[in-house]
Every structure is written in C-alpha cells, then in structure tokens.
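Structure first, commentary second.
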C-alpha cells in the first residue's frame, strides 16, 4: 500500500517524527488486520454490508448520516428554488414580449434543473387530482385530505392559479391574457415588422366583418380564430354572431338567446339553417329501355341514366335550383352568380319557417320564341303557349354524416303553369325516394374566394 503521508512536504523535524510514529502505528494496525483476515479465511460482501449497517445503527453514525442528508437536501432545495424563480421570471418576460431576456432566463433555469418546466407545473395537476380523490371519498380521512388541499391551495402561485382558470373557461382566460398584452396579437418574431399587430381593435373588427362577408362564411371565421389568442377572442365576440343571426333569420325572428341557447354563437350553431358557402346536391338515377337491334331481335339494351339537381342559397334570400345531366364538377362553378346562364334554371326567394323548414318559391324565365313572335304578328295565338311557370317547394333541414344542417329532405313540391289563353294548371308531385332523393351539402371553395361586402344585419 502507498503511504498516506508524504515526508517531503513537511519542513519541521518534530512534525516528521510525529508522522513517522503515526505511520508505524498504521502499519502495525494493518498487519494485525491482515492477520485476522487470514485467520478467518474469508471476506465477503455480506460482512461489508453488516459492518456498514452496524456502523449506521450507532448513534454517532445516525447523526452523521442525518447531517449529510439535511445538507444535501437543503442544497437541492436552494438550487430548485433558484431555477424556479428564473423560470417564472422568463415566463413573465415572455408575457411582456421580451423574448431575448426570457430565453436567457429559461436557459439559466434549465442548466440548474433540466426538468424545471415539468416540476413547476406539476403541483397544479397533483392538487387537482387530490381534490377529485377527496371529493369521491366520504370518510373522515377524506375530510382531512380536503382540509389539507384547501390549505395548500392558498399557497398556489400566480402561474398555477392561471392554469386552473384556463381549464375552467378558455375564453375568459385568453381575454385576460390579451388585455395584459394591451394589443390583440403579438408578432412571433420580434425582429420582423408585424403591422397587423399595431392595428386598433376597431379596425380588426372591420377586417373580421369583411372575412365573414355578407355571404356568412363562418368557416373562415373559425379558421381565423386559430391564428392566435387575440383573433380567437375577437372571433368569439357576440356582435359578430348577433349580426350573423339577424342576417340569417331576420332582426324580428332572431330573438335574444334564452337559457337553452346561452349566446348568439351557440344559437347560430345549433338552430337549423342553410349553409351559403356551398351547394346542396341530389343525384337521381333510373333505367331506360333501349331499342332492340334490327339484326338481332333477342338483343335489347338497357341504359342507366344519371342526372343531378343542385340548390344554392344566398344570404339575401335568393335561391337557385337547376336540374342537369352535367357532373357536379362542371355545374357547381356556374352557380356563383345570382343570375347564372344555365338552360332551365329556376330562380326565386326562400325563407326559414317552422324551426327546421325552409320554403321557397321559384319561377322559370320564359322568353318568347321566334315561332310565337311570328304567330303574334299574324294574329294566330296558340292556346298551349306557356307564359308563366312557378314552383313552390318545402324542405326539411336535417343532420347527416355527423354534419349539422347538411341535409335537405323533400316535404312538398307543387307547380303552377299559366297559359297564354288564361288557363291555369296546378300539379302536385309524388315525392318518392327515386325521383326526389335528399340533398346533401358540399362546400365549394370558389364561392368564398372574394368578399363583395362586409357583414351587416340586413
């Protein structure tokens, strides 16, 4: 074994003599210890563990162990508190937009405690979990846990209390956060200019009204709310949804929300109405017999005929319906205008009635033909000339494929034909599933590419 002391580092002769005596005693103790081990003949790890246990069980060993544990725990607590303060300081700086200083504080906190973020926000979840467990149990021990949880809740920091409120009411939490920012949005990169972030709230509301537009593109409003907290709060403003409800049902029929529907947004979502950012499409098919071949009398073809019926609703009360064999990809873009140039198109007005019903009255534009003009010139009028053709229909708004208000079912369909000689013929159609299937809504992106006017009540 190497000597524990080095004689070359000492200067005085007395110190060298004392160290030599100590070294002799140490060598003597080592010799006796080795002799005893050889006498026993074995030395195992169990002897080491038993010796350590016996030393720790002694009063002096216990005192030394507790002293070391207390010193270590106090050191860890100090480091954790320092890291926690740095992390909370970084969160406060980030909340005020000082990103560089916040990153510096976060970095210092992570260097001290790598999982400081999880440990800072862990007490909130544990406290909430303890509350739920204490509420479920009805014995005396649960009452004690409730008291302890209430006592610990008084020591919750501001960040923990903020998280608890955020779980309870997201909208009020984000509104409070935006109010603390003193502007409705913040740029992600402070080095780049974000001009929309410095706009006043009044101009932001005007932009949102143009985004929704007079055609009530509420889907685009929801997409806008996912940009940031400020746009989320502005998109949930009651004024926007009140204008949408009044434009859908009218200022008289759009009553104030009741207890069943607490706000205007919930009223617009749950109350049946028609969508304006797409078209309702129905597909009809039937089988028609073909002509037999003159060469083979046993061959007779069958034809499957497919045609479509399209309905589009505008927010001002205009409705368009057309029946055509064209596929939806070709026919739907032609319905962007209120006066489409499609043969046989029906144009009219509609209104929402009876909760989940929509009634419409449509007419077909009939232009005088060249034959009729020649007959009028020769004073020869055909009694079968149609001068007016009007259709009245009633549809029921339903939910299909887990999409609200995406289905229209036929309830009633009648027609009125007026001839040039004054005769009037009323017809009521037999509404079967083969000739009059249900309509299903399909969103059309081209309908909401541009906005012609902002959102207003009328």
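Any Cβ shown, glycine's included, is placed from N, Cα and C.
Source: prediction; values computed, not measured.
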Which range is region 'Disordered' per TrEMBL? Of 86-120, 121-155, it is 121-155
So how many of the residues in the repeat 'TPR' (83-116) end up helix, strand or coil by DSSP?
28 helix, 0 strand, 6 coil
Provide the three-state DSSP residue tally for the domain 'F-box protein Hrt3/FBXO9 C-terminal' (263-364): helix first, then strand, then coil.
15 helix, 47 strand, 40 coil
